[in-house]
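Here is what TrEMBL says about this protein:
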| type | residues | note |
| --- | --- | --- |
| BINDING | Gly28, Ile29, Glu30, Gly31, Ala32, Gly33, Lys34, Thr35 | ATP binding site |
| DOMAIN | 26-218 | domain 'Thymidylate kinase-like' |
Amino acid sequence: MLFLIKYAFELKENRRILFPGLFISFEGIEGAGKTTHISHLARLLSKKGYDVQITREPGGTPAAEAARHVLLSYGVDEFGSCAEAILFAAIRSDHVESIIRPALMQGKILLCDRFLDSSYAYQSDGNGSKKILDYLQKVSTQGIVPDCTIIMDLPVDIGLKRIHTRCASKKMSSLDRFEQKDIKIHEIRRQIFLDIARDQSDRCRIVNSASSFNDVSRNVLNIVCELIQNRIFPSRNAKNEIKDR
């Protein structure tokens, strides 16, 4: 046991040396406000002088964005959960190699709209699929795990109301196939995210995204600022201040 703890610590430290950037993923059910708050956070951090990059899953690269259209369409429902998980893993592997790894090597703060935890919430069918997902994650992530995962949590009915309002305001013809699922499926997904947060509390932070925009934004920013301080992660402005002294 001591050997495993020591190995895990060394692996984490080596990750920081090889990839000095800060990797933050955002998770949550439909309508949780991930995309909105990621964009807002990126603007706030950029104003403070940090080098920030936004990415998402499925997506991030040209090939992955093309695959995203397929995965969010209804034709993919013909695939089983295992086949779908393999598709997502293939896209994630390309995403890690092309976007995530380079950004972290360059010392950027990388904000990712969904990552590995969404696979457990969306591709798990409860029939022993966790073992398959565990294996796929090891292969596709190449050992790169977020420094922090912010789970945007809110009641399912509020989330669904938000996406219906968004769909109407943007005059969208319909919701994507994940958004269209029965409310019970959304409840299961929400619970999976909460279970992940409980089981991996060292990595995950829960934010009540049913609160006001300002409250959610402040809570998210506080979490990220604490991460930055703990990592001694200077901004470009801080570097300039040091040079001026």
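We number each residue from 1, going along the chain as drawn.
Glycine is treated like the rest: Cβ placed from N, Cα and C.
Worth saying up front: this structure is predicted, and the values here are computed from it rather than measured.
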*In the same chain, outside Gly28, Ile29, Glu30, Gly31, Ala32, Gly33, Lys34, Thr35, whose C-beta lies within 8 angstroms of the Cβ mean position for the ATP site?*
Met152, Leu154, Gly159, Arg162, Ser209
*Check Thr35 (ATP binding site) against DSSP and tell me helix, strand or coil, would you?*
helix
*Please list residues from the chain of Ala32 (ATP binding site) whose Cβ is under 8 angstroms from its Cβ, counting only those at least six apart in sequence.*
Met152, Asp153, Leu154, Gly159, Ser209
*Based on DSSP, name the secondary structure state of Gly28 (ATP binding site): helix, strand or coil.*
strand
_Cβ atoms within 10 Å, counted per site: which of Gly28, Glu30, Lys34, Thr35 has the most, among these binding-site residues?_
Gly28
_Can you tell me how many other Cβ atoms are located within 10 Å of the Cβ belonging to Gly31 (ATP binding site)?_
24
_Averaging the per-residue pLDDT over the domain 'Thymidylate kinase-like' (26-218), what integer do you get?_
86
